[in-house]
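Mind looking over this structure? Questions follow.
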Amino acid sequence: MGSEGVFGAGGPALGLIALAIFPFAWCIPISLILAELCTMYPENGGYTLWVFHAFGPFWGFQEGFWAWLSGAIDNALYPSLAVTCLSKYIPELADNTVGTWFLKGAFALVFALPNMFGVQLVGRGMVVLTAVVTLPFLIFSIWGFATADDWGALGQFRYADTELTNSTADYISTGGLAVQWDVLMGTIFWSFNGFASVSTFAGEVANPSKTYPTALAITIVFVELTYLIPLVAGAVFNEPLWHTWTEISFSDLGFAVGGNALLALITVATMASTWGMYSSEMFWVSFQLTGMAEAGLAPTVFSRRSKKSDVPYVSVALSGAIIVVLMGLDFSEVLLMANVLSSMSQILLIASAIKLRVTQPDVLRPYRVPGGMTLLVAISILPVAVCGYLVYSTFASESTITPVVLVPTVVVVGFVYAWLMKLTPKQFIAPKPAGPLFELE
């Protein structure tokens, strides 16, 4: 869901290349860095704490603020996707702006409910929703491959002009390559982004030195397959054609492959997927804001938790308010804002990993990126390049006014807040390292 642009922006051939390269350019390097830092400081707040130790509280706050707002903005996408999915059954929704907005708000409220009942419910709920999402798309993929008649589509690229011929009813592409690089990079980054979020609730994880490396490795493989297999199945079935795919085209593909029965399954899977991603993202952004408050980088009101469930209810409420404000914006605008803010925070995260190797070389790291400083710097180059491109392409585009205005505003607000609060190391409550300060030979 939402990943269709990986093929639609440049063609299935380029999409396959991107899916093959991106785990090595992004997922694996980021996961290695996260595994080291999560086991070094297994506390709620995650990367905010790492950046503090590397660059001080001013930049620690910026890291947390950018990442938290990126997650809250990104979460505004999911109620919209849920309503768009329902509009396949109820076309009138597309023409009722007020009704659609209230329906999005209802989804935002319902999707957030598991977060009000504690960590255990969210974790178990994600397992159930994963099964609900995976099974329909597995059926779709098997059915799509079994009835596919356009395997040549996997070798196609996006060209400037695509026309339907009257004689053979085939689509003919002409002109030069017309890859929508900003859409391709933005979509694949959004699809694979989020690994860093697991650090924000590290204090809730048992045995992080073992849990994090294992979980991140499994996640990379699972995420890659869950995007690759359905996209390939849809491309080789190719109805509707990949040229026309949008962020909700799997519903159309499901109907074309298996009629109303498969459309119903895909709709259930899409709704479960939006619920799962919304709830999990609400979970980490809330715990991140709470971790910042507990460490002295955000107002203490956000450290309040329910006595019964230990839920950071004030953080959940603020994150929900941000979502309600932004859920009326266009999908592409929200995606761009989330990607830019996330890219900025990821660059700062990577820089902190390198800086901590220099300034705190003897702090115990139960898991350490192998190969020393040289390999750590080397694996950081491509992720930084990806983030840099996303920031540059957004501000260089002439068609993205909202992100170009709002992102600098967010940066200025963060700088002014940190300056007014006079954030200093004395105000910051430093987290405890993972174990003894020095490793014994």
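The first residue you see is number 1, and the count goes up from there.
Quick reminder: no glycine exception, Cβ is built from N, Cα and C everywhere.
Just so it is clear, the model here is predicted, and its values are computed rather than measured.
OK, TrEMBL features for this one:
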type: TRANSMEM; residues: 12-35; note: transmembrane segment
type: TRANSMEM; residues: 47-69; note: transmembrane segment
type: TRANSMEM; residues: 101-119; note: transmembrane segment
type: TRANSMEM; residues: 126-146; note: transmembrane segment
type: TRANSMEM; residues: 183-203; note: transmembrane segment
type: TRANSMEM; residues: 215-237; note: transmembrane segment
type: TRANSMEM; residues: 257-278; note: transmembrane segment
type: TRANSMEM; residues: 311-329; note: transmembrane segment
type: TRANSMEM; residues: 335-354; note: transmembrane segment
type: TRANSMEM; residues: 375-395; note: transmembrane segment
type: TRANSMEM; residues: 401-420; note: transmembrane segment
Using a Cβ cut-off under 8 Å, which residues of the same chain at least 6 positions beyond either end of the transmembrane segment (47-69) come close to it?
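Sequence-distant neighbours of the transmembrane segment (47-69): 37, 40-41, 196, 199-200, 285, 288-289, 291-292, 295-298, 319, 322, 341-342, 344-345, 348-349, 351-353, 355-356, 359-360, 410-411, 414-415, 417-418, 423-425, 427-428, 430-431.
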Residues sitting near the transmembrane segment (215-237): Cβ under 8 Å, six or more positions beyond its termini, same chain?
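Same-chain contacts beyond the ends: 3-4, 6-7, 12, 15-16, 19, 23, 27-28, 31, 34-35, 134, 137, 140-145, 147-151, 153-154, 191-192, 195, 198, 245, 249-250, 253, 256-257.
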Given a Cβ distance threshold of under 8 angstroms, which distant residues of the chain, six or more beyond its ends, lie next to the transmembrane segment (401-420)?
57-58, 61-62, 65-66, 69, 329-330, 333, 336-337, 340-341, 344, 394-395
Could you give the residue numbers and ranges of same-chain residues that sit at least 6 residues beyond the transmembrane segment (126-146) on either side and whose C-beta is under 8 angstroms from one of its C-beta atoms?
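Answer is 226, 229-230, 232-234, 236-237, 250, 253-254, 257-258, 262, 265-266, 268-269, 272-273, 275-276, 279-280.
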With a Cβ cut-off under 8 Å, give me the same-chain residues at least six positions beyond the ends of the transmembrane segment (375-395) that come close to it.
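That would be 24-26, 28-30, 32-33, 181-182, 185-186, 189, 336, 339-340, 343-344, 346-347, 350, 353-354, 357, 369, 403-404, 407.
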Report the listed stretch (12-35, 183-203, 311-329) having the maximum count of Cβ pairs within less than 8 Å of the transmembrane segment (101-119).
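Checked against 12-35, 183-203, 311-329; highest Cβ contact count belongs to 311-329.
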Under an 8 Å Cβ to Cβ limit, what residues of the same chain, 6 or more beyond the ends of the transmembrane segment (12-35), are close to it?
6, 153-158, 179, 184, 188-189, 192, 195-196, 198-199, 212-213, 216-217, 219-220, 223-224, 227-228, 231-232, 235, 242, 346, 349-350, 353, 367, 369, 376, 379-380, 382-383, 386
Are there residues at least six beyond either end of the transmembrane segment (311-329) with Cβ under 8 Å to its Cβ atoms? List them, or say none.
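Counting only partners 6 or more residues beyond its ends, the transmembrane segment (311-329) has Cβ contacts under 8 Å with 68-69, 71-73, 75-76, 79-80, 101, 104-105, 108-109, 112, 115-118, 282, 285-287, 289-290, 293, 301-305, 402.
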